[in-house]
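Asker: Below is the structure I would like to discuss, written out as structure tokens.
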Amino acid sequence: MPYSTFPLLWVLGLLALSSACYIQNCPRGGKRSFPDLPRQCMSCGPGDRGRCFGPNICCGEGMGCYMGSPEAAGCVEENYLPSPCEAGGRVCGSEGSCAASGVCCDSESCVLDPDCLEDSKRQSPSEQNAALMGGLAGDLLRILHATSRGRPQ
């Protein structure tokens, strides 16, 4: 056997052995065949009392929601984890879940939602509206309403 074919056979043998190792390690159906099991989203906010709902959204009962603030900054790390997470809470809106009392969030934004009130079954619709209009959202609506009344139509 000439010496020029010996290196070629050696390289082919090495290639056959190394590719066999990769094939043995793969599960049936390929490396992505196992479904990703959902896990709890990362903790965030003051005292880690909230959960990440998106890369810039941190919400929790009793603390409300932080969007784009330093409290929600750690939620960006959720994008770099290989498996998906579930923030928890009841399903609301189109693809969201209840994040705090009266607030429904998905990975992009949050909206006020009466279905997310804690005692929504025991409250009348007028009480639900009053609860949603409390706090910062209610203050903003009152300011907008007051400024629109001052303008001539």
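Even glycines carry a Cβ here, placed using N, Cα and C.
Here the structure is a predicted model, which means the values were calculated and not measured.
In case it helps, Swiss-Prot gives these features for our protein:
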| type | residues | note |
| --- | --- | --- |
| SIGNAL | 1-20 | signal peptide |
| DISULFID | C21-C26 | disulfide bond |
| MOD_RES | G29 | glycine amide |
| DISULFID | C41-C85 | disulfide bond |
| DISULFID | C44-C58 | disulfide bond |
| DISULFID | C52-C75 | disulfide bond |
| DISULFID | C59-C65 | disulfide bond |
| DISULFID | C92-C104 | disulfide bond |
| DISULFID | C98-C116 | disulfide bond |
| DISULFID | C105-C110 | disulfide bond |
Asker: In terms of DSSP three-state secondary structure, what is the assignment for C116 (disulfide bond)?
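Answerer: Going by the DSSP assignment, C116 (disulfide bond) falls within a helical segment, counted as helix.
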Asker: Considering only the disulfide-bonded residues C59, C104, C110, which residue has the minimal Cα-Cα separation from C116 (disulfide bond)?
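Answerer: Checked the disulfide-bonded residues C59, C104, C110; minimum Cα distance to C116 (disulfide bond) goes to C104.
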Asker: Among the disulfide-bonded residues C52, C59, C65, C75, C98, C105, report those whose Cα falls within 10 Å of that of C41 (disulfide bond); none is a fine answer.
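Answerer: So far as Cα distances go, the disulfide-bonded residues lying within 10 Å of C41 (disulfide bond) are C52, C75.
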Asker: Just checking the disulfide-bonded residues C58, C65, C92, C104, C105: which sit within 10 A of C98 (disulfide bond), CA to CA?
Answerer: C92, C104, C105
Asker: Can you tell which of the disulfide-bonded residues (C41, C52, C58, C59) has the fewest other C-beta atoms within 10 angstroms of its C-beta?
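Answerer: Output over disulfide-bonded residues C41, C52, C58, C59: least Cβ neighbours within 10 Å is C41.
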Asker: Looking at the disulfide-bonded residues C65, C92, C98, C105, C116, which sits with the largest number of other Cβ atoms within 10 Å of its Cβ?
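Answerer: Ranked by Cβ atoms within 10 Å, first place goes to C105.
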